[in-house]
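Enquirer: Below you'll find the structure I mean.
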């Protein structure tokens, strides 16, 4: 149905209706704005929540339990979910709210234009009606005046007392008024005809055309609302697949929780490597008392062994040494004096249990090795650049790279030194753990080789069973026998406060790991200071440039003695 034909007389109501339509559109736009603000606030709160519960520590310090990793995965998925909510808000703002506001401005301008045209047409019709009405009133007024002049003329013409001039004057007045009435009549007829024509145009052409434009405008507004309703829903529909993936990721993270793996990680994280303490021996304080051989005598030897050995009286075993007792109490009490004296600083993780110390040392060695590889790559790159500069001097000065090359080489040496130092500590930990696993009494103390020392025929390996049987790097002489099986000798010799003077220097011919306490690790071609000559046992006391002292096999080094120190 057309507004122009059915609502030709409802201009004011159509004016109100079109205004209501625009107001409704803007109200819906306001609703969309508040809706997208809800999405934005929701996404912001989700991101703040994820940030609040996300780990703030470094990745190395984070627990590796599957329950924690799954929770962090859920947080990541929730963060992605928040991102999808932000996309919903952006989609609503771009394709719904902004579009509605732009369209509302267009509707207001178009409605104003159409209403102005309708008002102009109405004003023109009103103007025509006024002109017609004025001509009508004028015609009516002239007719009345003509009638009056006619009556006056007839009265004077029949009056015998009236003069001829009066009668003639009345007659002329009558003719003039009659003529004016005829002219007003013609003007009124013309104005009436013109008004009727304009009125027909107004209600059959102008108003229907204007109302038709208003109808099309209102219908487009309705269509636009429907489209924005669909866009409002599509903004949600588009993110549903990704939101489903986020939820699937959360479910997958939940399925990844493994209680057995977490239990294993607890063991791996807190395992100390210590053995449980052994039984305390019985210490018989009554062995010096004169016994009567009665049944009440306390004996430290089981009865079966006494009968088997043919001994009827009480027997007491040797009293255990204090050092052994203290060794058994490391977990619960203080360490022996010699171990505290030889304990390095916290740099070697000596404050940690053996198993944890071994893991931390291995981790540090890997980090140092990676850094060393970077420095080596940098050195190779600088050398190549130097070669290019030497071949093409116009590209640069090769001598300008020498300080950087020297600095890189110095860094490499420092890193190698650090790696060797940490490998020494790692070998010490591995040696103690392996020796703790298979302790056996020594039958010949004077022919004992220091446990944990390895010759050039062997190298360090994680497998303790193959620790001394791996393929050799470089053939060399065998190690000398130990000067004394008691490892405390080295520690006692290092208790002197005043350092020994340097009497020479030596160059390492082979690599020596120095696993045993009192020995000194040295790298191949490393230069050391001699502070005590070989006393015939095959060991020479040396000092590193860092100040670390210890014994090294004499056959592993090339010694150069100072002239003023010969025979000292």
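Cβ atoms are placed via backbone N, Cα and C, with glycine included.
Remember, it's a predicted structure, so these values are computed and weren't measured experimentally.
For 1-262, the entry in TrEMBL reads domain 'F-BAR'. What TrEMBL lists as coiled coil is 136-173, 358-392. Look at TrEMBL and you will find 278-323, 424-496 tagged as region 'Disordered'. TrEMBL lists 287-302 with the feature compositional bias 'Polar residues'. The annotation domain 'REM-1' is assigned in TrEMBL to 351-428. Under the heading compositional bias 'Basic and acidic residues', TrEMBL lists 424-447. Look at TrEMBL and you will find 501-562 tagged as domain 'SH3'.
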Enquirer: If you run through the domain 'REM-1' (351-428) with DSSP, how many residues end up as helix, strand and coil?
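Expert: Per DSSP, the residues of the domain 'REM-1' (351-428) fall into 72 helix, 0 strand, 6 coil.
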Enquirer: Can you tell me which parts of the same chain pack against the coiled coil (136-173), counting only residues 6+ beyond its ends and a CB-CB cutoff under 8 A?
Expert: 180-181, 183-185, 187-188, 191-192
Enquirer: Could you count the residues of the domain 'SH3' (501-562) that DSSP puts in helix, in strand and in coil?
Expert: 3 helix, 29 strand, 30 coil
